[in-house]
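Peer 1: Submitted below is the structure of interest, expressed as structure tokens.
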Amino acid sequence: MATGKKASSQPLGLEQTNNRWGVIVVIAAHLNLAIQECGARSCDVFFLSWRDEFDTNAQETAAVQSILASVANFSNLIGGFLNKRFGCKLTGVIGGLLAVTGTFGSVWVRDISQLYVTAAIAGAGIGITVNTAVVAVALNFKKKYKTANSLAYAGCGTGKMAMPPLIQLLLMSYGWRGAMLIISAIAANIVVFATLFRPPRKHVKAEPDINIINISDNLTEETEEDLLNRQLQPVIGNDDVVEMESATDASSGGLDITSSSFVKYTNAEDRKSGGYESLQTGPSEPKPKVSFINKVSSELGLTVFRKSYRYSLLCPLALTASISYFGTPLFIIPRAQSIGVAPSSAALILSMNGVGGLLGRLANGLLISCKLSAEIVCSICAAVAGASLLLLNLDNYICLFVASFLQGFFTGVMFSILIVLIRRYVGCKQFSVCVGFYYFCLGIGSLVGPLFAGWLFDITESYETIFYIQAGVFFVCCIGICLIPVLKRLEPGIGVDSSDKNELAK
């Protein structure tokens, strides 16, 4: 009885330890995501400073944001493969070092092309860091994952809220080069927080020392010596039944089923009574050859697109939404200054976008816990996010303030729920790679979005045109997300753990 209590109490204590460490992982992931937003928001605040110093147009200057965001999302896929190979801790440290290197190198650039290179290096580190933070939370939580994901992913909103005023203050005090130097020091904390991303510990049961393998209930345990004595011994019974037994691999203390041959010729009655036939009736059949393309697809995780149609549609919809998501914030401050708003007040408008994003990422767990499905909530958020962009065309500071908040809130809810949907569609085993593909699609959108918006401004010289078109992109996503549940009836499906299904379906 004492042994039984001790065995049952050990897994319970281990579970409590994992739960406590899971809280630390959530906090570290939240702070990491907040810090990586510092690099993204610096492009928004430094937009006018870079355009004046390097004497570039809006499209060339917006390319810095495009390169940073797109490389960050592209490298997220690399982070997924690194996580599977080396774990979250080492991968997070590598990402942090790359982010610090790129940010620190931006201090010394002399033209816009050099800034493109440093932005790409910093973006690669940021992307690897984001994948590590998201996957680390998923590995440490099966129960309460939606809440844990909300708290961790809210770090993006924290960064959006806190960084623009801080960067604006640093810009006014030290210039953009001095501000970048301080930002690189802040980014160094990514390495520290990444060291906290360890996987949950598992309880390993001690396997008993088994010297004899029971092939069926008719076979009894025999000593190693008895088995050797009976090797190749024929046994004659009723109806000319012949049984031949051979024991191999006796030196290892057990029977090798694949190399031993137990043959018993039986009639129909014996077969009904539980008799057994030979385990090896002839030469082993050759295994079917797997084509090189199928093998590569399996290793890279590409088969998930063939098995989950919902995930296959979710990725291009995320790409479409990211065109507006990354193309809009770049022009919020210039839009506010165009109607006479002071630079410090304009930065507060961008901060309200971060406040909305923070609250949206925290509230997504509550919204998808309602009777509405997660897909419907995402569709509604895309529609409201598009409507909020229309308010940015009003020449009123309060309207800009409210529109920025609504846009941040509903995009925060939408992108947070998309992460939860990915785990629901593909399970935890394929999660790191699928998150990488998802962010790869976001990378395409982040590359196209700012460049497209800058191109629109160069040919129209109108902020209103930018926001009208970006709103239309969100409306297209609203329609597409409504189609995702229909594909569930058609897709082959991916094997997902029952615990994941029960938790995420709530």
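Even glycines carry a Cβ here, placed using N, Cα and C.
Keep in mind the model is a prediction, meaning the values are calculated, not measured.
Per TrEMBL, the feature domain 'Major facilitator superfamily (MFS) profile' maps to 23-489. TrEMBL lists 90-109, 115-139, 151-172, 178-197, 311-333, 339-360, 372-394, 400-421, 433-455, 467-487 with the feature transmembrane segment.
What's the neighbourhood like for these features in this structure?
Peer 2: Same-chain residues lying 6+ beyond the ends of the transmembrane segment (178-197) with a Cβ under 8 Å from its Cβ atoms: 24-25, 28-29, 31-32, 35-36, 38-39, 42, 46, 87-89, 91-93, 95-97, 99-100, 103-104, 106-107, 122, 125, 129, 132-133, 136, 167, 170-171.
Residues 134, 145-146, 149-150, 153-154, 156-157, 160, 310, 314, 318, 321, 325, 328, 332, 335-336, 341, 348-350, 352-361, 363-364, 367-368, 374-375, 377-378, 381-382, 384-385, 387-392, 394, 435, 438, 504 of the same chain lie 6 or more positions beyond the ends of the transmembrane segment (400-421) yet place their CB under 8 Å from a CB of it.
Long-range Cβ contacts of the transmembrane segment (433-455) within its own chain (Cβ-Cβ under 8 Å, at least 6 residues beyond either end) map to 57-63, 65-67, 69-81, 84, 127, 130-131, 134-135, 300-301, 304, 311, 314-316, 318-328, 330-331, 418-419, 422, 425-426, 466, 470.
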Peer 1: Excluding the flanking five residues on each side, which residues at least 6 beyond the ends of the transmembrane segment (372-394) place their CB within less than 8 Å of a CB in that stretch?
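Peer 2: Apart from its flanks, the transmembrane segment (372-394) reaches 321, 324, 328, 332, 335, 364, 400, 402-404, 406-407, 410-411, 413-414, 417-418, 420-421, 424, 463-464, 467-468, 470-475, 477-479, 481-482, 484-485.
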Peer 1: Hey, would you say the transmembrane segment (339-360) packs against the transmembrane segment (151-172), going by three or more CB pairs under 8 A that are 6+ residues apart?
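Peer 2: Yes; at least 3 Cβ pairs under 8 Å.
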Peer 1: If contact means at least 3 Cβ pairs within less than 8 Å, sequence distance 6 or more, would you call the transmembrane segment (311-333) and the transmembrane segment (151-172) in contact?
Peer 2: no
